[in-house]
Every structure is written in structure tokens, then in C-alpha cells.
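Participant: Dropping a structure here in C-alpha cells format, bear with me for questions.
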Amino acid sequence: MHIHQYEKLWLGLSLLLIVGFVATVTYGAVGTPAISMIGDDGDTLNPNAIDDHPEFGDPGVEKVGESEYAAYVVARQFMFQPDPIVVPANTTVTFYVTSADVIHGFSVVGTNANTMVIPGEVAELTVEINDPGEYGIVCHEYCGNGHHGMEGLLKVVPADEYDGGDAE
Amino acid sequence: MSTGSGAATFVDRYPEEASIVRQAFFVAFVAFGLGALFGVIQALHRTDILRFIPSTDYYTVLTAHGVLLVIVFTIFFLVGLFQWAITRSFDRPVEDIRITKAWLALMSVGSVVTGVTILLGFVDEVGISADVLFTFYAPLQAHPLFYAGLAVFLVGTWIAGADWFRSWLAWNAEHPDDRIPLQAFVVLTTMLMWYIATIGVAVAVLFFLLPWSLGLIETVNPLLTRTLFWFFGHPVVYFWLMPAYLLWYTVLPKIAGGRLFSDPLARVVFVLFLLLSTPVGIHHQYLDPGIAESFKFIAMTNTMFLLLPSLLTAFTVVASVEHGARQRGGTGLFGWLRALPWRDPAFTGMMLAGLMFAAGGFSGMINAGMNINYLVHNTLWVPGHFHLTVGTAVALTMMAGTYWLWPQLTNRRLYSRPIGLLQVVVWFGGMALMSNAMHVSGLYGIPRRTAEPQYQGFDFSTAFGSVAELNVQLAIGGTLLFVSALLFLANLAFSWGNPTTSGLGQTLPPALSGPDDSPRVLDNMRLWAAIALVLVALAYALPLGAIVADSGLFGPGGDAYPVTVVLNSVAVTAERLTASVGATLADVGGVLEVIR
Amino acid sequence: MNEGMVSADDGATHGDLERSVSAPPDQADVDRTLSHEEFDPKGTLALILVYFAILVGMWVFMYFVEFLGNGLTVVG
Amino acid sequence: MTGNPLRIETSGGVLVGFVVLAVVVFELRTVLGMLFGIDVSGVVYFPVALAVLVGLLVAENALRSVGSKEG
């Protein structure tokens, strides 16, 4: 099989590019901080039984460690609960997000905190939150004819202003 | 009938087959026109430039836009082109024209049923709708006719593939020592890929979604049907792309005045597509809960290697064009570009499509990069990407290819080549505007698939310019694309009025490095199909097994939507009512409007 | 063997209008006939190296600046 | 390359070249904004870019007609 030498050169460069891409992604996955993908760690649950769930029945933020918080979020047509989600600054927050009805999205606008929300599955993502501020949250997966109104708010407040509980 | 002294055309030699090709193209272009109309409605609506439908109907428009363009338009064009390629390259008529007519009829009936079901979504009183978008993720539920139409359509494509394989076997019996002609080779490898890919969507539709929409089963597993969709959903993008590749490899070099640079490498490319197109679908699910990171990593590496055949194609096709330019007397490192037939809309259309594909390739690389997907997932970046790939590389090549094929299929000249040139150039410019705006908007976090990306509680922050300006860009781009689509359809329609002319036939020159330079094993379809199946099993057995083990074949429960809302908790009732009051009022208003 | 060649005539007789905008005429008339061995697509190589450079540059920017600089990294 | 029956110079190449150049110039603003953080107002950029492009087109056209007179 005759291959022109320029083509061989391009084949080599193409492979180099591909390996470079895989290497970059791998670097992101093991570097500091190591970027973790949404995985299969979360539980499964019946979306119709969410209201009886110990955490999702009354979704909100709770303190689980020294500077660690857990935020239980329910996405449903066409809202996020709780809204707003209030967390203190300079903490590590793990979001547990599930759906009560159809597939939704959960995206903290302008950041990399982003996940699909699939009924029956709990999406789990941990982020480090530094400065106080406000972020919009959007549902980025079509979820019905009111989809465009589905938004939320993430409020990061200074630690001394945080009242420690549910913002609802 | 005026006469020329040129060669016989395809329609002269194979009138029945040419008729099939024309019919398939006709369905494709009707769908294209409707899809383009729905496209411009969206472009103007979501940017809030011009809104004349309620936002709740936006998703009916979006579903119709997606299904009409990427299922009906692309695939009908594909079967027409492939029928031409098979008949032409084997140089033999179809084995049984009744079979050929049957699959075209099945595909058409399926498309009409699905299309009408979607469009009934505009008429609330009928109570039939399919506002589930092209991806139809459960537990959003469409009317059973939506799934049934899709199933009939799929069966039609399967019979089409069988028809072409039958032609191959018949040809092979008469030419046992010949290499498969390149065009037929593309058709056969592409259809093998299609058979493997459609396993996923066939299982999802026939075993889960259709029985579920008929009420035969209570629940489905949303993650499972979604994964089965993407099992099909990525290879289908290559299914759209292969007709464009067929034209780039076999027609473009000829129009440029050159010859294909390397037939052996082309075969390697198409084998790679067959092998790698399917075991990558999980890259659409990088952010799905319930699928382990390791499976996502495997999908990512497979996807990155799937770049290879496209990168090789870029070289081979451009080199073939350069060969044409040099034969036409072009000189210099870049000066040869000036010696190309830029006034020919078929040539220019394909070249501009290829240029856009190079740009779309880059945004695709970003999409494929597992963790960087967090940045762009489900933002407007993604439609920005695929409007460059399927929306330009594929669609524009199909339009350009039509300009070249048209006389071969009808013995009539094109109505106007200058209008054709204007059309492809306007498409290119319009897409540059729209796609640029979409990519940039996506990086600012603006989501895709929404009627009103204007939120109450926050604003999108921009690195430069403003969201308003991006919206204007997007709307202008979308409008230009619509104008271009109209120019294309009008040009074809007026071409029917041209007198028939004999001698419009065109030949395709042989490759510079012909098929005999490549090992025979490349033509072993059974071998490649078997390896492809093994790769698919390796990539999918464990994730699918894990999904079923975690939440069962029919999922952990849950209702179908839209359904009668049954509120099961007083605590959330008030909140839900408040939230949905706006949407409900809008619905009521719409109904009242109609009744009045 | 080339696949199913229809005819040697390629529409060359349709005059300048046809020729300037449609497919070029029969390749028997070509200025130079370049075979696979003697044709070095150096223009293609140059173009594709430029593309390669753009790809690498854009990738580095998108990954290390846009993505890693984007805040709220998912770490678990 | 005169006398080559295949070499047909047409204005088609100028049109396509112009459009491709226009798109490149258009994208340049995105590159400035995203890569270099230089926020050029679109109200200024696009009219100026358009004027430059039209100027180039006119100049090219003038040069070509001069060239063809000499040739």
C-alpha cells in the first residue's frame, strides 16, 4: 500500500494531536485540583417517592463537616428547590441533585458546576466555593413547555452572615 | 429537445433508478424547506427579535426543525445519493425495482406519520403531540404515532441497505476478482455502521418507548433509554456525514479538474468510521449521573481516535483538489487556489462546506474532551457546533452536490448557476454569523433548547460585547440561512422549466493511486462488521449492565409527561401551582383564542 | 479499473459558458498530467500545517484559560 | 500559463475570496475579545471593517482592469 510521504507526516501529526488531547484531559483529571466527572456514586430512588425521602423530602443545605456542606436540590417542572440555595463562603459544598419528574439540567451559570438531572438518579458534584456572590442556576435540558422559566439562584454569603439553615 | 454531443447521463442509462433518486430528493427538499422555516422562527424567537408564536409552542417548532432536517432531509438525500452511487459504480440496474420502491414508500410513510404527529402539537384540541425534541428523552412522552412512524422509517432504511447489499452480491458474482468500486464501498461500510447503530434506537423504541406510550408497560428507565438513544445518536451524525464524504471523495476532485489522491486511504477512512462511530456515544453523557467515570474515559479516547479518519480526509480531499488546480496550471504554495473553478456553485459549495467543517471539527474536539465538557455542556455552543457540521458540512455539500447531480438526473440544465453561487456563499456567510454567535453565547453559559434565554434572577456576564449584540448576530445569520434555503429551492423549482438537453453526462476519473494499491482485506465487509460489533460490545456491555443493575430494566418508577398532573404532596402543591400558573394561564389563553 | 466510467466525453463541447462554471472538460486536454508519484501536494501540506497550528493554539487556550479559569471546579 | 484551455480566470474566485476574508475579519473581533480580552465595540468595528473590505474590493477591481488592459 503506497502512502505519500506528506500523508505519512500528516498521519503522524494527527496521532500526535489525538494523544495530546487525551493527555490534556488526563492531566485535568489527575492534576491539582483533580477535576472529577459526574459518576455513578449517587443513589437511585423512585422519583414519585421523593417527598418521603429523608433528604429530598425537605431539600436544603446542611452542614456535614468542618467547612463542608451538603446541598440537596430537587429539580421539577419548572423550578429548583430550594430557591435560592444559600451557602457560606470559603467552604466545600456537595450538591445532590435529583428530579421529581423528567430529565432536567442543573448548571451554575458562568462556572463549570454543571450536571444532568435524571429521574431515578442522584447527581453528586462537589465544588469549592470561595468568595461571596450570587450565581444564576439554569435548567439546561428541555423539560416541558415551561422550560424557559426554570431558573434558580445560588447565594454565597460571608460565613458570619450565614444563618446555618434552610433559606426557604 | 436540443442536442449536445456529450455523453449519456445517469437518467439516460437508468431511468427507473433516476426516478427513485429524484423522488428521494424531492422528499428531502420538502423537509428542508419546512425545517428551514422552523429554523428562522426559532432564531428570531429565542433572541427576542420577533415573536409571533407563544413560547410554549417553541418546542413544537424545535422538534419539527430537528426531526425534519436531521432525519428526513439528510437521510432521504442519503438514500437517493446512495442509490445513484450503487447503480452508477456497479454499472447495473437494481435487482428488483419493486423492492426499491417499497423501501422508499416505507420511509416516506414513516416520515409523514412522525412529521404530522409533531405538527399536531400546534393544535391543542386534537390532544396529539410529540413535543419531545429530536432526542425524545423519556419520561417526556410523545403520542404513540411518533414512535411508530420512526419505527416504520427505520425499517425502510434497513430494507434500503439490504437492497444495496443485494446489488453488491449480484455484481460480485459476475466480477469475483474486481475490487469494490469506491462509491459502493462507501455505501456498504456506511450501511453496516447504520445497522449496528440502529440497534440502540430500535431497542429503545420497540421494546420500551412505544409499548410505554401505548400503556402496555408502566414505566421506563430514563437513563437506559437515554443511553440507548446515544448508542444511535452519535453514529447517526456520521451517517449524515457520509454522503458528504462520498461527494468530497468522488465528485469534488473531478469538479476541481483533478483526481482522487488516494483510493486506498479513502478505504481505510471508511473502515475506521465503521469501527469507531458507535462505541463513542457515551461522550454525549459525560455529565450523566449513573454512568461511571471510567466508561466516560473509554468513550473519550475512542472519540479522539475517531478524529483520525476526518483528519486524514482533510488531507486527501484537499490534495485531490490541489491536483486539479495544478493540472489546470495553478502554481505556487498557495497560488494554486486561484486556478480553481470558483464560479461553479457545486465546487464552491463543497469547498466552503469543507472549510466550515474544519472549524466545526475544532468545536467538536472541545465537546469530545471529557472534563472540558463541563464548560459547554448543553449550552448554545453545542448547536453552534453541529450547525457547522451537519448544518453546513453536510447540508451545504448536499446542496452543492445537487447542483452537479441535477442534470444527471433530469437531462435539464440548472436554472441559474450565478444564483447557485450566491446561494452557497450566503449560506456560508449566514452560518458564520449564526454559529459564531452561538459558540460565544455558549461560553457565557447561555443554554440551548430554550424559548427564552432571558432570566429574571440574573444576567449572563460577557467577556466582550454584549448578549444583545450576539442575539442580533444570531438572528441575522439565521435569516440569511433562510434566504439561502429559499434561493436553493427556487433555483431547483425553476430548473424544471428548462428544456431537456442530451449529452449532459459527466464522468468520474479514476484515482491517482487506485484500489489495486490497497490490500484486499479492506474489502472484507464481514471482517469489519465483526470487529465493529466486538468494539461496540466492549464499550457498551458494562455501562448498560450497570444501568440495569442499578435501577432496573424499567427504572425505579415515575410517571410519563405530559400527563394529568397528580400532586402527591400538599407541601409542594402551593409552590408548584405558583410556578406553573404562568404557563397554565398562557395555555388557557391559547385555548380561548382558538375557541373564539 | 476505474469504476463505471460512462464516456470519455465530458461535456467539453458546450462552449465557454458551460466550461468556465461547470466541471472542467475532458482531462485528456490537461496542461500537465501529474501522476501520484510525481505529484507532491505541498500546498495542501502548507494549508494543513496552518490548520494544525490553529487547532493546537485554540485547544490550549480553551482548555487552560477558558475552562480551568472558569471557577467552581468540580472536584468530587 | 496563457494558452492553457483549462485555465479560466473568473470573478467567482474574487467573490469567494472576498466572502472568506470577510468572515475571517469578522471572527477577528471574537479572537480579540476572547483570547486577548480586547473589547472593541461592535458599533465601531463592523462599519470600519466593512469600509476596509469594500475598499479592498474596489482596489482589487481597479487593479484587475488595469492588468487586463496591459495584458
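Yeah, the Cβs are placed from backbone N, Cα and C, and that goes for glycine too.
Unlike curated records, TrEMBL annotations are generated automatically.
Here the structure is a predicted model, which means the values were calculated and not measured.
Residues or ranges marked as transmembrane segment by TrEMBL: B:24-44, B:103-123, B:143-165, B:185-209, B:229-252, B:264-284, B:304-325, B:346-366, B:386-406, B:418-438, B:474-494, B:527-549 (among others). Annotation source TrEMBL lists domain 'Cytochrome oxidase subunit I profile' at B:25-522.
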Participant: Does the chain bring the transmembrane segment (B:527-549) near the transmembrane segment (B:386-406), so that three or more CB pairs sit under 8 Å (pairs 6 or more apart in sequence)?
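Facilitator: Touching, no - the transmembrane segment (B:527-549) and the transmembrane segment (B:386-406) miss the threshold of 3 or more Cβ pairs under 8 Å.
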Participant: Under 8 Å, at least three CB pairs between the transmembrane segment (B:418-438) and the transmembrane segment (B:143-165) (pairs 6 or more apart)?
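Facilitator: Result for the transmembrane segment (B:418-438) with the transmembrane segment (B:143-165) is no.
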Participant: Should anything in the same chain at least six residues away from the transmembrane segment (B:103-123) have a Cβ under 8 Å from its Cβ atoms, list it; otherwise answer none.
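Facilitator: For the transmembrane segment (B:103-123), the list is 20, 23-24, 27, 31, 57, 60, 63-64, 67-68, 71-72, 75-76, 79, 129-131, 142-143, 145-146, 148-157, 159-160, 163.
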Participant: Who are the chain neighbours of the transmembrane segment (B:24-44) in space, where the CB to CB distance is under 8 Å and they lie at least 6 residues beyond its ends?
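Facilitator: Residues 50-53, 58, 61-62, 64-65, 68-69, 72-74, 76-77, 79-80, 83, 104, 107-108, 111, 115, 395, 398, 402, 409, 434, 474-475, 477-479, 481-482, 485-486, 488-489, 492 contact the transmembrane segment (B:24-44) from elsewhere in the chain.
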Participant: Between B:229-252, B:304-325, B:346-366, B:386-406, B:474-494, who has the most Cβ pairs under 8 Å to the transmembrane segment (B:264-284)?
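Facilitator: The stretch with the most close Cβ contacts to the transmembrane segment (B:264-284) is B:229-252.
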Participant: Look at every Cβ pair spanning the transmembrane segment (B:346-366) and the transmembrane segment (B:474-494), keep those 6 or more apart in sequence, and say whether at least 3 of them are under 8 Å.
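Facilitator: By the criterion, they do not touch.
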Participant: Below 8 Å between Cβ atoms, which of the listed ranges B:304-325, B:386-406, B:474-494 makes the most pairs with the transmembrane segment (B:229-252)?
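Facilitator: Ranked by Cβ pairs under 8 Å, first place goes to B:386-406.
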Participant: By a Cβ-Cβ criterion of under 8 Å, what residues six or more beyond either terminus of the transmembrane segment (B:304-325) are in contact with it?
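Facilitator: Sequence-distant neighbours of the transmembrane segment (B:304-325): 245, 248-249, 252-253, 255-262, 265-266, 268-270, 272-273, 276-277, 280, 336-337, 339-340, 351, 354, 357-358, 361, 365, 368, 512.
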Participant: Do you know the mean pLDDT across the domain 'Cytochrome oxidase subunit I profile' (B:25-522)?
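Facilitator: Summing pLDDT over the domain 'Cytochrome oxidase subunit I profile' (B:25-522) and dividing by its length gives 95.
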